[in-house]
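**Student:** The structure that follows is given in the form of structure tokens.
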Amino acid sequence: MQIGIDQLAFYTPKTYLDLVDLAHARHQEPDKYRIGIGQSQQAVIPVTQDAVTLAANAAVKIVNATNRDQIAMVLFGTESGIDNSKSAAVYLQRLLHLPGNIRTIELKQACYGATAGVQFAHDYVRLHPDKQVLVIGADIARYGLNTPGEVTQGGGAVAMTISAEPRLLNLDNETAFKSEDIMDFWRPLYRTEALVDGRFSENVYIDFFKAVWQNYQQQTDRTIADFTAFAFHLPFTKMGLKALRAILPEANEMQQKQLMANFEASRVYNRQVGNLYTGSLYLSLRSLFDNAALKPGQRIGLFSYGSGAEGEFFSGTISDQFDAQASRQWFTDFFDGRQQLTMAQYEQVFSQKLPDHDVLLDLSHDDARFVLSGIKHDQRQYVDRGH
Ligand code: CAA
């Protein structure tokens, strides 16, 4: 029996910043951002969206009458949690009308949270093949105005269903992981912006990738020759390129070309959205599915990295039922219909923060189905405009 990713949907708001504008405003060469960092645009998240609404707007595309009652768990990966006690997953249960006999859990380990969800879901569905698990990766990446990390901001959500006989990716059972207490990137509870040791975090990412890649090969006897493509956690797309280059000499010349071409396919969407922390690897996987010419049976390697730090290398093969047509069209329409912000508008939206008292938010600039309408009695108020 094959188990893996059956559906993979994405949501981010329409508003975005062009990074040439950011480069000019910050007195940097545009090519530093476009080539040196590998980003062109970044999603700008309004105050009326949080991890819960981003997730609901993504998940509503893959939860419907045909699978709603099969969903046994919601595993919500995020480092942008909205409550120190309640999980973001339990809000989704209500917003998506999920059944009552369900587990709803939030998972946190920086950008690794959604991968923990995928792996736990894989194990669960192996024991309960008639069930599905809804896995979420939803975050808002914030470093602050005028910081080196600013160019790597972004946000959004991926939602995946993990099931038996999946239509996208059959997950392999073998997986290699590593954890170590490292201060490369962190966000104390009192801060809305992350703290990061930028260069150090890049080095730790590469060290973890090399360690788990080696461990995976020892476990499986597979080598780079067994892979058609790799998808990486992409905090900015140059980071994935650096990781790929670290192992590329292991491949022959023809395969190097194929891996590089597929890497380009895997960063098309991330380049235009920016970092979405724990969802980034899966947005990149979606980008690979939609923009590369993949065939059933081909093996994909996935590297997940969460600062602090945890890394995992795992793999899967393209499903016989694979079809990227509908998703590709959705992304084309989405990118065509986005709304570019000026620097002043971006700074204004970025600086808007939720107060710690009751408030009613102006929803007129947000066309999403699920929105945060305010705070009442210290409770976030969510609205579903689809009903
Ligand atoms: N044309 C082309 N390239 C140029 C250029 C130009 N005109 N000017 C500069 N560059 C290149 C530089 O040579 C450099 O390339 P390399 O990395 O290949 O050496 C690149 O552009 C970036 O330049 P700098 O190193 O000078 O950039 P910076 O000091 O301003 O900061 C950063 C870069 C450290 C990535 C910073 O943006 C940052 O801190 N980002 C957030 C942290 C992060 O994303 N870390 C990733 C690992 S941690 C993780 O993965 C978890 C997570 O999601 C956060």
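Cβ coordinates are placed from backbone N, Cα and C, and glycine is handled just like the others.
Annotations per TrEMBL:
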DOMAIN    2-164  domain 'Hydroxymethylglutaryl-coenzyme A synthase N-terminal'
ACT_SITE  E79  active site, proton donor/acceptor
ACT_SITE  C111  active site, acyl-thioester intermediate
BINDING   Y143, K242, N275  (3S)-3-hydroxy-3-methylglutaryl-CoA binding site
ACT_SITE  H233  active site, proton donor/acceptor
DOMAIN    256-350  domain 'Hydroxymethylglutaryl-coenzyme A synthase C-terminal'
**Student:** Where N275 ((3S)-3-hydroxy-3-methylglutaryl-CoA binding site) and E79 (active site, proton donor/acceptor) are concerned, what is their Cα separation in Å, rounded?
**Tutor:** 13
**Student:** Measuring Cα to Cα, how many Å separate E79 (active site, proton donor/acceptor) from the residue listed as 'active site, acyl-thioester intermediate'?
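**Tutor:** If we compare the Cα positions of E79 (active site, proton donor/acceptor) and the residue listed as 'active site, acyl-thioester intermediate', the gap is 7 Å.
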**Student:** Need the DSSP three-state call for the residue listed as 'active site, acyl-thioester intermediate' to compare against my parser.
**Tutor:** strand
**Student:** Which one of the recorded positions (H233, K242) has its C-beta surrounded by the most other C-beta atoms within 10 angstroms?
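**Tutor:** Output for this query is H233.
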**Student:** Give, as a single whole number between 0 and 100, the mean pLDDT over the domain 'Hydroxymethylglutaryl-coenzyme A synthase C-terminal' (256-350).
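**Tutor:** Here the predicted model's pLDDT, averaged over the domain 'Hydroxymethylglutaryl-coenzyme A synthase C-terminal' (256-350), is 97.
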**Student:** May I ask you to report the DSSP-based helix, strand or coil state of K242 ((3S)-3-hydroxy-3-methylglutaryl-CoA binding site)?
**Tutor:** helix
**Student:** Counting other CB atoms within 10 A of each CB, which of the recorded positions E79, Y143, N275 comes out lowest?
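**Tutor:** If we count Cβ atoms within 10 Å for the recorded positions E79, Y143, N275, the smallest count is at Y143.
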**Student:** Using a Cβ-Cβ cut-off under 8 angstroms and a sequence gap of six or more, which residues of the chain neighbour the residue listed as 'active site, acyl-thioester intermediate'?
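**Tutor:** Expected: E79, D139, H233, P235, Y277, T278, S280, L281, S304, Y305, G306, S307.
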